[in-house]
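To start, the structure itself, in structure tokens.
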């Protein structure tokens, strides 16, 4: 739900190359845009009008926030590609539902599939999303020329 919240229409590399405010804030941690999405998500959750987690105790809240972090960071394709060898190994050896790392990897696979699922929709949706993505790419390209 929040993995692309406040998306800027550019990619992480563009953020770095332009030394954007986001790059200045998150450069050291990597996954610049994803860390921004996490920060915006947490700011929404800290607002009393939108905090549906207010009944969570400290441990549950921390656990939930860690899940949010992990899931949103997994939408960074650079992160995704570093996980692929582990995901392949897990698939070959079998999923162990009690293995925390397997749980993390499965969540990462699921969010990556969801993030890219527009390509598995009906043709009208695929085409509409492709137009939006190409517009975004060309807009970024125009900005890079300046």
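Including glycine, each Cβ sits where the backbone N, Cα and C put it.
TrEMBL entries are annotated by machine, without manual review.
The domain 'PDEase' (1-146): residue composition by secondary structure is 106 helix, 0 strand, 40 coil, according to DSSP. According to TrEMBL, the domain 'PDEase' annotation covers 1-146.
The Zn(2+) 1 binding site annotation in TrEMBL covers 3, 4, 115.
Residue 4 (Zn(2+) 1 binding site): 13 other CB atoms within 10 A of its CB, across all protein chains. TrEMBL lists 4 with the feature Zn(2+) 2 binding site.
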In sequence order, which same-chain residues at least six apart have a C-beta under 8 angstroms from residue 3 (Zn(2+) 1 binding site)?
-> 34, 37, 71, 72, 75, 111, 115
